[in-house]
Each structure stands twice: as structure tokens, then as C-alpha cells.
């Protein structure tokens, strides 16, 4: 008889002979759900996803015979789920404003029918393989949900349902496996969250993930299938930046995992996304978005599970051939959940109380990102963006430093910039991207071959301006030469006219790559023209009076993406802005160069 | 079980008692102990098996004679009796009256731990709450359902600021009766406690107030329950009686220190500065009880006060708090030394939800721009002040000298105000314009041309 032996916070010791590590358990009269994490003879150690208050030794327990797994099928998009994939809207219908313990609601709604269309090239008696596409369901106006043969099934297709309306658990196909057994396939399938879903092979990431955020796309690009981290102290605008990415990035599916973060932030997404339009498809953003919410006040063990639930769903859409972005906010809370459980297990802490396996767990998690050739032969990707919340903003702490070794793109947020109300507060010196080469090819093919050199020049100017800024702070601006003053001004111009971007301004919130490049090229042109005049003896102070410097700062809000031609025309006219000065100093005309 | 007394205490150390051979005791159960002198003590089951039950004793284990300790397990979690009559009352840290009046008679008891709010049931905080303080209302506005802490330091007047907010806080437009305050103080000196009580009594605020007090010399572990009891009262008032509730808690540092003390006794692995790894989750469990719920009329807004050890904002307590709350109001030692009250350092202060609670629908259409302009102009003014310290004020340009004067006026007249001075938000905005009028209109780029024409009056500023 299986029963509870001991309760210690979220950890319970059970008498449960034959328990399998990772197996789900149901504990006590309320049926609290948990997971076996240790085994010793006939006793098993389990961690509960729900609060254990009121549970007493002697209460019944049972193994459920399967590991933590998610239900994958139509009905995922537009939804909000908790850390173990319970649909929170449906839970609200059952248990009201608060989540009562032991509640069981199917992840995908039953009773709703989906219009299934079988794939035209499939028919009975065909041999089908794992991952093949059986048909599709138009889940939202922009997303066709492809119904896949589960990764553990292959054989002869005995029967495929005709086009029609089916519930998620209705049988739509029967398959005779190679061992002769018959498998019934439905519109949905299950997959254990801690095991990566299989694919044919890894491909190189080649396309940038366009976010419409200039400092990201132009300076520190991320590729579809890449890994990025956003570390930042509180108040640096981490959440806002992630929301901007979730809103505007050119992925087909966005999965936002609120892992141990504020409840009101998820509410903000839930209330604002349905009103916003996807700039790429023209449809409401909610139709491509899925939220996983384990807010900071929800049980900590489910927080550890939530990122795996999110990444498994991301892989499932990848396997359908989609480009998926998963944002995990915040991986620090996930790491803290690991630490908390490790502490209760009495495991030896290494750094700041974290267990020794922190680094390997983080690496294994990020490894689930990538662009792959799917089992069906298509191409799909999972891009993983993890927020990191370093205590006290100290990037040398374990989670940030381990993450930094794993990811390729690092968007470092700075408290100083945020305090100066410079948003997005991404530090252009601390950040890096390991994808510049691939991104440069894409920009050259799709926007302008001048991207890579222009980007490098702008970064060099920003870096030089830090040096000049130090001199000014020590001895005052008068100590600078005219060239230096002009360089300093040009760097300020890049910061204000390009790097700063308002998330709340309708025009500025999203900038297409074409607009980003034109702004960058235009600002560099202003710099070059000014520098030439300075080199010919025009004092920098006269250049600083040019009206174009103020006007260029407003280009980003004046020229929307519908008016790229206007911006291009404006940039082409820059020569005129310098004419009065040229006429004054060189009445005969200095000539170009 | 609740009527049985056990005398099986097997061991005791530092506030924990192990009870042997009491089968079937549930986790989180309330415990009542009777020692050899017949004195009652309270406790909580934190770990349980049939062989051993670990009990945390609030009043400590000093002077406990194991053979002569009788223990009852009450089969229930800590709970608070609730009714409309809690308004106007003063309770101790666990909800027993400390105002000399009889206990709350009510059939309704609520588990003080609450249950987590379904994120899908939340409504986003909106609508303005007026605190009567210009630095808050004008530049770091509080909205209904928000969590906005005050970060302070030892010796700074955070208690006076908190008390003033409690006395003055109101909603615009709505009748004042819809608005009530739950005030919880833990680890405070009896002098501070008396200050709060008298301050609220004199101003008449007590009628729309529920107070929970745990003094510095009262059981430390009780402090772990005080914020939970306060939120239980707040949730009852907000979601069952439809009040808009402002919860003010002071001092969260005392709470976190109590948590650390208990964690060490329990042998939990420490993370930073000896605080347990679950400090974040524990604070979130408290703070996240603030908010609004869809289709409910009431709301809970939270202002926790915490003193930053050594004024260090990266200390785990303010740091973790900042990750959970929606902004912070930071008090400045420098302003305090200059006699500015309330000494709000506006630049490091932030209200993340401000944009959704102000403007034409809630306060005044120019409010967002004025706030942004004040931030920009004051930041510029501080740069000028830094420059003046190096090269001397005489060598400043005319425009820079105006900024210097603006910084002075801003700190002393806008941020600074009387402890009994209640400025409504319109007065704060008018004052902001009066000060901004000291600066050349051309430098005010965050406000619109129309607003400049309407409000910017350089002639009056010059007088």
C-alpha cells in the first residue's frame, strides 16, 4: 500500500515500491501532483508541484506511470498555461480566482472540434515514418497546425480520417507498427518534457531574427535558432525589452515563459497582445503567442518544470517546420528553484548555494535551441532568449557567468543607462554577438552590403567616445580638439538618434531593417561630412549649431516604415545641410574630398 | 487530534522542538504548547513523519523542560477571524487584539497563507491613487493594484513618510469611504508604534484603518506571520467588501532578518549574506498578494517600507524586492541632511505602472509629459551642479545658472513639503510648471508646444 511517510516543504518521502525516477505521482487526499526525484529501496522521494500544507503522514499516494509530459495538439496557441501545462483560463472556470490544489483540467480543451484536412499525399497502405505530416488543422488565421506522426511511431498507415471536424483526442489514423501492433493516432500527442524531441540533423543558423529593435538587429544580432541572454538588474528594462521582442520579432510562433516573475507583467501581455497586430502577418499577435505562467508566488517546483514545458512545446512547433522563439523570463528564478530543491535534498552547495550541476543543466537547456532539419524533412528552428536577473546587477554571479559561456548573443542591460532614461538600456560595450558573419551575409543580400562596415564604424565611434568622455569629465570640454569634439557629438547623435528607441511611440516601437540601415548610414554621412569640414579648418562649434543635428534625432519618429522612401530621400539631401557652412568658409567651393 | 495533549518532546534546540511518536500530524499545522510553568506557547509544524514531528516554537525554546512540556496539534493552519468590525482595530502580529477591546466575533476564519492568485484572473493595475506627496504623485505615481516599495535607510524618516501616506492617501473622484488602509509594522520599537497609533488617531485615519503591530521585543517568528495576517485582512476587505485597500508594511528588513534567523535554526543552506535561497519566493508570496482581480470591484495596493542595510541598494532585501515590485521610491540621506522632507531621490525612483494610471483619463493630460520633463530637467540640473563644483558657479553660462536655481527650487519646494501638507495632484502639477517656467522654453523638449503655451509662464517665475 503506497503512502506518505514524511513531508518537508515541497519534498515528500513516499512508500512507493517500483517507483521510476521522473515518474509523476499523485499524493494525499487532495491528489497533489509531484515527480519522483529519488529512490531508496521501497521508498521514493518526490517533489510536489503544489503546496504541501495540510498533508499528513499515512495519506495515500500513487505512481501515475508516466513522466512529466505535455499534451501537444491544436488549442495551444493564444492560451495561458501554468508551469505544468494546466490551462489557466479553464482552471479559473473551475476553481475561481485562486488556483486550488489538486485540480485536474486537460491541457487541451475537450469538446471543441477542429477542422482536420488530411495531407493530399497520404493514403492507406503507405509506409509512414516518425515525424511525417498526416494533415493539418488551421488553428489560427496565420498558423496551420500540422498533425505529425509521433516520434515513436512508424509503420504502415492502415487508415487516415477524411477531412472533417474532430476533437483533439479523436482517432484520425491507425498505424500498424513493424512489430505488428496497431497504434491509434489522434490530433494530439504527449511528450516527456525533459527529453529533447528528435530531429534529423542540426543545420547552421543563417537568418537573423529581426526584432525591429535597432540596437539588437543592427549591433548585436541574433539568428533564428540561436541562443541569447538578457542579463540586467531590476529597473533596467528587461521585461520591456522582452515584451518588445515577443511583440515584433519575425518568428512564426512566440512562447513566453514567465518563470517566477511578476503576475502583473503577464496580465499586461494578456491584455495588450490581442490589441496589437503582427507586422509580418497583419494578424493579432495573440494568435501566434502562447504563455506559460509560473509567477513568483506560485509553487517553486513547478517553476523548475515550466521552462521544460515551454521548450518542449517550442520543439513541437519546430517539428512542424516553424520558426519559434521562446523567451524565458527569468532563468535566474529557474536556477533558484533548482537551488531550493538541492538545498532541501542536502546536496553540497558550491557557489552562492547553487548545486554543482547548475552549469551543466543550463547548458543542456540552451542546447535545445537550434535550427534543424525535421524528421519530416522540413526546416524549423527554436530560438532561445533567456533573461537573467543577477543579484545586485553583478554579472560575475554564477547564473550570469555560466550563461555567458553558453550563449552566442549577450544583451547586457545597464542600470546607469536606465537611470539616465536611455532605453533600451543595452550597454553597447558589454554586449556581444557571435553571429556577425552570418548576419552580415543576410544584410548584404537583403538590405545593403554596407551594413557590416557601417556597424563596425559606429561601434568604434561609440567606444572612442567613452575615452573622450573621460577626458571631458577630468579637464572639461575645452581640452578637446575640434575633431574630438565632433566625434563626441557624432557618438551622442548615434546614441540618441539610433540606439534610443521608444517602446511606447507608435512609429518608433518597430523599425524595419531597411529603416535601421538608412538611419545608420545617414548618421555616419553626417559625421563624415562634418569631419571633412573640421579637417579643413571649420571649428566644431559651428558644426554643432547645424539644425540637422536636432532634426536627425527626430527621423526615427518622423519616418515610419511606410515612408522609407521619404527617409531615403532625406538622407540623400544631406549635402544641402552643410552647404551654408561650406559657402561661408570656402566661397570658391572646396570640392568633394 | 486537536484535543489530545502529547508529552513526547524528544529534543529541542534553538527554537525547534522534535516531537516523537505522534503519527499523522499534517504539515503546516498550528501547535499549542504548555510548559512546566503552565505558560502557553505557539508553534508551527514544519516537517513531519510518523516518527518525528519538527515544531517551530514562536516564543523560543528557552527554559523548556522536555519532560514537562505538553503539546497539542490543532489540525488547522494559522487563520484570522474576519468581519467588517476589523476596521478601526489594532491587532498583534498574529491577529489578536492589542487595543484592549474584545476579540473579533465571527464565524469566518481565513487561512493566513492564502492561495496563489491565478495569473489569468488578474486585471492590470490602472487608475491613480493620490498620496498628497508631489514627488510621488507627480513623478512616481501609484496606481491601484501596484506594489511600490519605499527604499530607505537607518535614521531616515521612512516611518513619517509612511504615516503621512496612510493619512493622506485617497482616490480621485470616488467617495473616501471606498478606500481603506491596512497597516502592518513588525520589529518596530514601542516608541515608533506609539507614534503610528497617535498619528492615525489624531488625524481620524484610524476609522478606515486596520493595524497589525509586532514590536521589536516580541517573538521574532511571529513576524513571519504578520504580513500574511495583514494581507488576509486586506483580501477580505478588497474582494468580499469591495474596498480599495492600501497595504503599508514596515519594515521588510525586519521581516527578512526574522526569516534568516529561522532558516539558520532549521539548517537551511544559505545563499547570499546568510539569507536562505527561498528569500525571493518568500517575499514574492507576500508581495504578489497585491493586485486587482477581473470582475472584482476592490483592489489591493502595496507600499512596503524597507531600510537598506548600509544604504546598499544591492543588498539582497532591496534587490529581491526590486525584482518583484513595480518600481521603488528611494529616500536620500543627502536630501535629508539638507532638511528636505520627504527626502525622495527622484532619479533612482521609478514607478513602472505610472503610465497606466495618469494622463487625461485619470489626472491631467499634461501629467506624463510634465513628469518626463521634470526628470530630464532635474538630471540636467544635477550635471550643472557637478560642473559648478569643479569650475565654480561664476563661470557658468546664464542658462546653466538658471538650472542651478531650478535644482534648488525643485528639491526644496517640489520634493520638499510639510509633514501635514497635503497637495493634490493638480497643485503638484501647477507647482511643477511654476518651477519649469524658470527654465528657457527651448530646453523643455519633453512637453508639447500647446502645453508650453498654456502653462509655461516665465514672467511669474521671475517674480
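Along the chain as shown, the residues are counted starting at 1.
Cβ coordinates are placed from backbone N, Cα and C, and glycine is handled just like the others.
Here the structure is a predicted model, which means the values were calculated and not measured.
What TrEMBL says about this protein:
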DOMAIN    A:224-410  domain 'AAA+ ATPase'
BINDING   A:232, A:233, A:234, A:235, A:236, A:237, A:238, A:239  ATP binding site
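Projection of TrEMBL feature records onto the structure.
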residue	record	Cβ within 10 Å
A:232	ATP binding site	30
A:233	ATP binding site	23
A:234	ATP binding site	27
A:235	ATP binding site	23
A:236	ATP binding site	26
A:237	ATP binding site	25
A:238	ATP binding site	25
A:239	ATP binding site	23
**Q.** Cβ-based proximity (under 8 Å) of the binding-site residues A:235, A:236, A:238 to chain B, or none
**A.** A:235
Q.
Centre the Cβ atoms of A:232, A:233, A:234, A:235, A:236, A:237, A:238, A:239, go out 8 Å, and tell me which other residues of that chain have a Cβ in range of the ATP site.
A. A:389, A:413, A:415, A:418, A:425
Q. By the DSSP assignment reduced to helix, strand and coil, which category contains residue A:238 (ATP binding site)?
A. helix
Q: For residue A:232 (ATP binding site), name the DSSP secondary structure in the helix/strand/coil scheme.
A: coil
